[in-house]
């Protein structure tokens with residue numbers, strides 16, 4: 001099926017990609033530029049409904065493949081090559097994992113298994129490919145949904161409604177699941193799909209005699225990204241994807257239905273953004289790897305915001321030049337009709353390179369550097385793992401030991417990411433002592449917006465817990481809430497043990513060790529007395545809790561004698577950042593965990 005050319009759609013694409021790029025550059029006024037991706041999803045749904053021909057399924061698939069894949073694979077391949085020369089083995093290993101997911105069009109799933117889109121702790125130059133994963137997964141089901149909707153048109157609305165409702169429900173449980181997963185983004189594509197089905201003819205705006213309505217919607221699209229949307233919020237009103245995504249999607253739909261005034265399309269503004277829209281795919285593909293690779297620093301995660309105007313200007317020039325080259329040489333230049341050349345050859349090449357890169361970098365590294373880089377893999381699955389979030393999305397805790405059928409004693413570990421970093425060593429001790437250990441799923445228990453003391457104690461009672469074990473980073477400890485937990489637990493005849501915070505450092509430990517090896521930089525130092533002085537207020541408040549069911553235990557003697565250790569004698573780091581223990585580091589506390597268990 002053919003579609004009429006529409007300059008207004010190119011203008012919208014141009015605006016969408018500009019919002020995304022400015023957001024990634026850190027332009028403060030563009031607080032929610034990531035909503036540009038929502039615009040792309042609606043436009044993609046619209047175009048797919050108009051372009052799909054049930055009698056030419058293979059041609060449809062090949063056209064989409066020729067349009068998207070050459071540039072897509074080029075970016076992945078180039079990012080891998082550049083990482084070999086620019087990044088450390090730690091960062092390169094992360095790029096390798098991202099590239100492997102991207103080759104099977106599952107970047108969204110790969111990033112869902114890590115952290116949120118809004119976290120910068122990982123090195124993720126291919127993070128932006130998550131949206132391409134969602135789009136390609138949508139293209140795969142277009143023939144199926146087109147056939148279903150043709151037979152029962154009401155099914156389109158029902159599918160849209162189901163996807164929207166599920167998306168908003170899941171935002172309240174796991175925002176990143178709603179963000180990354182195609183079924184929970186399907187409603188945005190279907191808004192565009194419905195526009196093409198019911199309100200347009202051959203892709204043209206059926207109600208073009210009222211373009212002022214489309215212009216009003218266009219103003220909404222420009223205005224909304226300036227408003228603050230919190231991508232980690234559990235509220236559909238302030239979170240993402242939520243109400244703001246719905247508003248952006250509806251505004252895009254209105255523009256698709258009514259179009260824009262011809263005066264806007266023919267204006268200088270229109271001409272510029274039509275041109276930007278033409279290059280939007282290439283711009284989107286190249287901009288993020290350029291930002292991340294240009295600004296990369298060892299062990300610093302994803303950095304996209306430059307500290308100087310000169311660096312920003314250089315990155316913009318690189319984005320412009322790379323976009324031009326990508327568009328003319330690859331996006332428009334590659335016109336193969338061979339599936340082998342479009343998919344098989346790039347996938348095999350990228351997979352081979354991805355498997356070879358870590359070996360190339362590690363083979364020439366001294367042992368001490370290898371030990372430093374291994375710190376980032378020296379940790380366990382985050383919290384309770386992904387499976388429980390799917391099978392039991394409302395679960396408050398999970399069992400780490402699988403000893404519940406034989407053990408007589410039960411413990412519940414509660415805390416933030418510091419509790420997460422000790423859970424595996426604690427579970428190992430519990431298994432050895434034939435005790436069951438449960439762990440709270442949420443990372444913000446007893447913190448703002450997290451589980452309250454009452455809910456923690458209720459969960460402990462429901463699990464027949466004998467002892468609640470609390471462990472937090474020093475700045476996250478709310479002694480009033482600890483006191484409340486102890487008091488409520490006392491009423492339920494449940495004991496509470498508070499494990500003091502582990503020593504934290506002013507510097508990223510693997511980075512400091514690496515800088516010392518490479519540049520003879522000074523290493524961080526901390527003594528037992530410094531630790532006690534820094535944590536005095538918390539320790540004093542905790543020690544003032546005078547209930548028989550409560551006791552606190554110290555960790556300082558395990559790390560500081562009298563100088564605090566951040567690595568083993570052979571150079572294996574105890575931390576993978578400034579304050580989170582590796583598995584090696586947490587194993588130092590195994591005698592303490594066994595002591596806690598034996599004193600139940």
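Note that Cβ sites are derived from N, Cα and C of the backbone, with glycine treated the same way.
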Range annotated as transmembrane segment - as stated in TrEMBL, picked from 155-173, 364-382: 155-173
Feature transmembrane segment in TrEMBL, mapped to one of the ranges 101-123, 308-330: 308-330
Beyond the flanks of the transmembrane segment (179-200) by 6 or more, those residues with Cβ under 8 Å of it: 38, 41-50, 108-109, 111-112, 116-117, 130, 133-134, 137-138, 145, 149, 153, 156-157, 159-161, 163-164, 166-167, 170, 206-207, 231, 240-241, 245, 249-250, 252-253, 256-257
Cβ contacts under 8 Å made by the transmembrane segment (212-229) with residues that lie 6+ beyond its boundaries: 8, 11-12, 15, 19, 23, 29-36, 39, 205, 238-240, 242, 244, 247-248, 250-261, 264
In contact by Cβ distance (the transmembrane segment (155-173), the transmembrane segment (308-330); 3 or more pairs under 8 Å): no
